[in-house]
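**Q** For reference, the structure I am asking about is given below.
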Amino acid sequence: MAGKSPEEEHPVKTYGLAAHDSSGVLSPFKFSRRATLEDDVRFKVLYCGICHTDLHFAKNEWGISTYPLVPGHEIVGEVTEVGGKVTKVKVGDKVGVGCLVGPCRTCDNCRADLDNYCPKMVLTYASPNVDGTITYGGYSNEMVCNEHFIVRFPENLPLDGGAPLLCAGITVYSPMKYYGFAKPGSHIAVNGLGGLGHVAVKFAKAMGAKVTVISTSEGKKDDALNRLGADAFLLSSNPEALQAATGTFDGILNTISAKHAIIPLLGLLKSHGKLVLLGAPPEPLDLHSAPLLMGRKMVAGSSIGGLKETQEMLDFAGKHNITADIELISADNINTALERLAKGDVRYRFVLDVAKTLKAP
């Protein structure tokens, strides 16, 4: 017997914003999602954060995009329907979906709650799904996914400011917990004060760490110290300041995705210090062994987090009232926002107001 067609697999008509080629320009787009399965949650999308990854995918800058492409993996909304076996949430609950909608849940990583390192992971958009179709993201009026990949939003956490935590928040929270350097009595640095960096400062301070922001821009100093509550600011273009900070930090979260030198950062670490890379510059790193040998230092990496840890992160954010600093934008202004994002003209995250501004084509 022949399998179901894509139209039969995905009978629910919906709409969103899609890129159709590597220009990255988004336009209204009609498509379909699957019917609600017994372990699925369907929800109305209220807000969706705009991540720099969305821009990379829309423009096919990593060479793996498939079109049409509906971006968005910082998705929050209100549950409208649940399958008969769903126990995690109910209709009316506020929920979120981050970067993943389909790890295998059987491999060693999945069994260890490391869904984010599953070799068979299904991304929230532009990824082959188990039914052979391509996933579409949260720049759309509704979502449906297995309840395993749903996280619950704390009641006190604003949905718009909380949306970017589903990518930016877990991206900085996970390495702080795993590498153990954000805790009372520790001194960490956040290199780069953008979408990731500003959230990293908030989480690290809430964990009790002393925090220094490192930036190439003197203009970020006031925000770092007075808006975000960092303890110190280090201008990385000032050799004297860097020399004075030698051996200062237990750990450095390196949030920068552009090409930059990392060897000077290693000199800022204490012995046994850890430099954790969160950005992915397109060029290889220039790294020598000597700075690592002298002090038993480590260069490591981290990518988002598993579903269990993402829920833990949201609960922590709710307890400490942590949200991203956002600029809310309408669907009509999505391409302008992406252009500004490419230029770094955002303080600090764009969030798409889906429910109020996204109209059916």
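Glycine residues also receive a Cβ, built from the backbone N, Cα and C atoms like all the rest.
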**Q** Going by the Zn(2+) 1 site in Swiss-Prot, where C51, T53, C167 are listed, which of the candidates H73, H148 is also part of it?
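**A** Checking H73, H148 against Swiss-Prot: the Zn(2+) 1 site match is H73.
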**Q** Out of K85, K221, K308, which does Swiss-Prot tie to the same NAD(+) site as T53, G192, L193, G194, G195, L196, G197, L278, G279, A280, K356?
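**A** Of the residues offered, the record points to K221.
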**Q** Is it possible to get the count of other C-beta atoms within 10 angstroms of the C-beta of L193 (NAD(+) binding site)?
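**A** The answer is 27 other Cβ atoms.
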**Q** C-alpha of G195 (NAD(+) binding site) to C-alpha of C118 (Zn(2+) 2 binding site): distance in Å?
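**A** G195 (NAD(+) binding site) and C118 (Zn(2+) 2 binding site) have their Cα atoms 25 Å apart.
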**Q** Rounded to the nearest angstrom, how far is the Cα of C167 (Zn(2+) 1 binding site) from the Cα of A280 (NAD(+) binding site)?
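**A** The separation of the Cα atoms works out to 15 Å.
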**Q** Measuring CA to CA, name the entry from the binding-site residues C104, C107, C110, C118, L193 that ends up nearest T53 (Zn(2+) 1 binding site).
**A** L193
**Q** Taking each of the binding-site residues C51, C107, C110, C118, C167 in turn and counting other Cβ atoms within 10 Å of its Cβ, which one has the fewest?
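**A** With the binding-site residues C51, C107, C110, C118, C167, fewest surrounding Cβ atoms within 10 Å: C107.
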